[in-house]
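Asks: Copied straight from TrEMBL:
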DOMAIN    9-198  domain 'Electron transfer flavoprotein alpha/beta-subunit N-terminal'
BINDING   ARG218, 243-244, 257-261, 274-281, ASN295  FAD binding site
Amino acid sequence: MNKTETKNILVYVELADGAPVKVSAEALAAGRTLATAKGEAVIAVLLGEGIGEAAAAAATLGADTVIAVDDPAFAAFNLDATADALGQIIEAQKPDAVFIGGTQDGKDLAPKLAARFKTGCASDVMAAALGDDGIIFTTPLYGGTILSDVSIPEARPQIATIRSGAFKKVEEPTAGTVLSESITVADDAIRTQITESVKEIAEAVNLEEAEVIVAGGRGMGSAENFQMVKDLAELLGGVVGATRPAIEDGWIPRNHQVGQSGKIVAPKLYIACGISGATQHLSGITGSDYIVAINKDEDAPIFEVANVGIVGNALKVLPAFIEEVKKIQAGA
């Protein structure tokens, strides 16, 4: 696309359990800020079945217009079908930029769209600002040790995946307009077919949407001691997270991993137990509102990002922590 004919920011809104996922709401907020600065609009796009409530919700999260494609063909995510449908909408709307939440599906979808439109794709965007030739995207490199500014000066649309927790949802609800549209995807556009979906036997873990995460590292010492991390998470109504070493030692399944090679999280509260704070782990928790760290090494890197640091052996601190929480919950 020629950038002289493009305008507005389009945001693909991914759904889970009938509602926009957290990072899609954050992508809408990022789009809202930039669109307002440019004097342009935010267009949200939803694909799925029975998405009326989700579309109405998106209209309050920063979108001026919500395009809702309510069709059983999009009930389950199919990369080819979604990319083709979204591509058709992009061709019709001619947006200057397309924002997609950095979920597993989003990370597959964005480069496929970039290839279709022969444009660039900025991945894992942590910040965005207007520049002379378009949007300047800030992305992490080498596990977050280096930040790089990326721009797509000529090709359009500018496509980006938004990192979870990098942007906060809009504070004031917007009153966008919901439009229903129909999209037909040609059979030859779909090269993959979902023949069967098998739910993992392990308990479902949604780290990316969790408001409270209690995570444990190798400092917990053993699988038996790691149970304290699980107990505290249960008391606080949170989700259990873990570092890669704790997972490699077999203390907890891999779907609990937090960090660059696991899940990027942004809870309201993150409690790190026996975690020293390797770069790969820290890069996955920077979006947390409040971080509490428990570690016996006062020089542990985790304390550099923690709001509250407790220097002590997690194996001794956690039992007392758990008892205090129980007392508070019991009204003692």
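Using the three backbone atoms N, Cα and C, a Cβ is placed for every residue, glycine included.
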Asks: Whose Cβ, among the binding-site residues ARG218, HIS281, has more other Cβ atoms within 10 Å than any of the rest?
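Replies: Ranked by Cβ atoms within 10 Å, first place goes to HIS281.
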Asks: In which DSSP state, out of helix, strand and coil, do we find HIS281 (FAD binding site)?
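Replies: Once the DSSP labels are grouped into three classes, HIS281 (FAD binding site) ends up as helix.
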Asks: Far apart in sequence but close in space: which same-chain residues, 6 or more away, have a Cβ under 8 Å from GLN260 (FAD binding site)?
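Replies: Looking at Cβ-Cβ distances below 8 Å from GLN260 (FAD binding site), excluding near sequence neighbours, one finds GLY143, GLY144, THR279, GLN280, HIS281, SER283, GLY284.
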Asks: Just name the most isolated of the binding-site residues GLN257, ILE275, ALA278, going by other Cβ atoms within 10 Å of its Cβ.
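Replies: It is ALA278 that, of the binding-site residues GLN257, ILE275, ALA278, has the fewest other Cβ atoms within 10 Å.
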Asks: Calculate the per-residue pLDDT averaged over the domain 'Electron transfer flavoprotein alpha/beta-subunit N-terminal' (9-198) and state the result as an integer.
Replies: 94
Asks: Can you check what DSSP calls ILE275 (FAD binding site), collapsed to helix, strand or coil?
Replies: coil
Asks: State the three-class DSSP label for GLN260 (FAD binding site), counting H, G and I as helix, E and B as strand, and everything else as coil.
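Replies: Its secondary structure by DSSP: coil.
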